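Feature list (source: TrEMBL):
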type: BINDING; residues: Arg106, Thr137, Arg138, Lys139, Arg161, Lys171, Glu204, Asp231, Ser263, Gly264, Asn265, Ser284, Gly285, Ala286; note: substrate binding site
type: DOMAIN; residues: 31-116; note: domain 'Quinolinate phosphoribosyl transferase N-terminal'
type: DOMAIN; residues: 118-299; note: domain 'Quinolinate phosphoribosyl transferase C-terminal'
Amino acid sequence: MESKAPPCHPTYDLKAVIKLALAEDSADKGDVTSMATIPAQMEVEAQFLAKEDGIIAGIALAEMIFHEVDPSLKVEWCQKDGDHVHKGLRLGKVYGRAHSIVVAERVVLNFMQRMSGIATLTKAMADAASPAVILETRKTAPGLRLVDKWAVLIGGGKNHRLGLFDMVLIKDNHVSIAGGITKALKSTDHYLLQNNIQMEVEVETRTLEEVKEVLEYASQNKTSLTRIMLDNMVIPQSNGDVDVSMLREAVRMIDGRFETEASGNVTLDTVHQIGQTGVTYISSGALTHSVRALDISLKIDTELALEVGRRTNRA
């Protein structure tokens with residue numbers, strides 16, 4: 001799998017996010033423990049170890065962090081972003097000033113573990129969702145929007161909109177305030193035309209009646225609408241299964257005239273069934289709002305780390 005570049009955002013400053021993460025760790029005094037215990041010019045080699053199976057992500061970002069802390073550090077990887085790693089695998093190594101490595105360590109691992117957790121779940125979801133495409137949402141960690149969405153790309157998903165600025169998404173609150181779906185669509189089309197804006201437009205529907213209303217509006221008006229969201233049309237059953245018949249019917253009604261996106265009740269257990277209904281996309285907030293980090297460590301004494309790992313069943 002080739003390395004995935006981060007999503008393109010007009011104002012997001014990835015370097016500033018890295019600096020902020022480093023500053024919150026070192027503050028105005030620096031790493032007092034390292035200064036107290038490690039000779040200033042000592043050089044060491046530290047190895048990255050995977051402590052569980054998953055998809056690795058954040059390697060490109062880790063290199064940026066090491067470079068920010070100390071450009072003289074040398075980093076070598078045996079894996080690349082998007083690769084599958086197994087428990088006990090040595091992913092790569094970093095060599096240089098011990099102080100610099102220890103200062104960068106936690107920030108690098110915090111990003112890599114979070115990104116790898118997102119990428120691992122995304123890969124599992126994307127494989128199960130096929131032929132539908134898996135998307136994340138705006139339910140990302142505040143300040144880490146680009147990082148979280150980058151991890152989704154590495155895991156084999158696609159990005160939904162990056163924010164409020166790059167796509168019109170008419171949701172339930174917009175519909176309520178505008179006075180109904182038809183009015184919301186009409187004013188959107190008018191706004192885009194008046195301001196000479198070309199942009200994807202998606203509208204959220206919650207019932208088959210709302211889907212019908214959208215289709216009626218689109219058949220009678222020139223519209224910028226590109227996608228219809230089918231929200232909570234996956235109905236959980238008492239036996240733990242899901243009923244996707246309403247979703248399937250909505251997809252049938254739309255009949256390829258617009259892209260479709262299923263949202264709500266999307267889990268690793270339900271996503272395969274949802275993907276079989278013919279929807280174009282399946283969006284899942286869980287990819288980024290409930291991240292379970294993938295366990296990765298950076299160790300100078302690798303042999304002892306592996307011995308301890310085996311003792312605790314983490315290597």
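Just so you know, the numbers here start at 1 and follow the chain as drawn.
Glycine too: its Cβ is placed from the backbone N, Cα and C atoms.
These numbers come from a predicted model, not from an experiment.
Features per TrEMBL, on structure.
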{"residue": "Arg106", "record": "substrate binding site", "contacts (Cβ under 8 Å, 6+ apart)": "Asp25"}
{"residue": "Arg138", "record": "substrate binding site", "contacts (Cβ under 8 Å, 6+ apart)": "Arg145, His160, Arg161, Gly163"}
{"residue": "Glu204", "record": "substrate binding site", "contacts (Cβ under 8 Å, 6+ apart)": "Leu169, Ile170, Lys171, Asp172, Val175, Met229, Asp231"}
{"residue": "Ser263", "record": "substrate binding site", "contacts (Cβ under 8 Å, 6+ apart)": "Thr137, Met229, Leu230, Asp231, Asn232, Ile282, Ser283, Ser284"}
{"residue": "Asn265", "record": "substrate binding site", "contacts (Cβ under 8 Å, 6+ apart)": "Asn232, Val234, Ile235, Pro236, Val242"}
{"residue": "Gly285", "record": "substrate binding site", "contacts (Cβ under 8 Å, 6+ apart)": "Glu136, Thr137, Lys139"}
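Other Cβ atoms within 10 Å of the Cβ of Arg161 (substrate binding site) number 17 in total over all chains. In this record, substrate is bound by Arg106, Thr137, Arg138, Lys139, Arg161, Lys171, Glu204, Asp231, Ser263, Gly264, Asn265, Ser284, Gly285, Ala286; the longest C-alpha to C-alpha distance in that set is 40 Å.
Summed and averaged per residue, pLDDT over the domain 'Quinolinate phosphoribosyl transferase C-terminal' (118-299) gives 97. Helix, strand and coil residue tallies for the domain 'Quinolinate phosphoribosyl transferase N-terminal' (31-116), in that order: 36 helix, 24 strand, 26 coil [DSSP].
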